[in-house]
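Have a look at the structure below, then the notes.
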């Protein structure tokens, strides 16, 4: 049965109240009326925008400060995370950081003062961390992963210089 046939005998033919089909007031205006005021929410832009970094360039970096390592060294030795040696203490930063083994890179930052001789093994060090360790007669040792990252960085630097 057609809509026209179904609406026979109906006073308003599906328009609700008899007032609703008069003018354009029931619709809030005709066409694009009100698009900057009362119908503004209907005109938000859709779709993608912006820039997404390629997944291969993204790295999950976990950080730890020298201050934390130096202050907590006694607890770390007690828990078996750090080892005491003749020259001082040996710490693997991956063991200290909560998600160290899940992270792509574990980086040591240079905040704080170092009072103990620390030999820290990590994937990356900030310049200030390396300097602070040198001043305290400590050592910054790159892990295997850190050496791979350095090699990658050097190869990309050479490619950039050629182009």
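Any Cβ shown, glycine's included, is placed from N, Cα and C.
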According to Swiss-Prot, which of these ranges is region 'Disordered': 106-134, 135-163?
-> 135-163
What DSSP reports for the compositional bias 'Basic and acidic residues' (33-46) is 4 helix, 0 strand, 10 coil
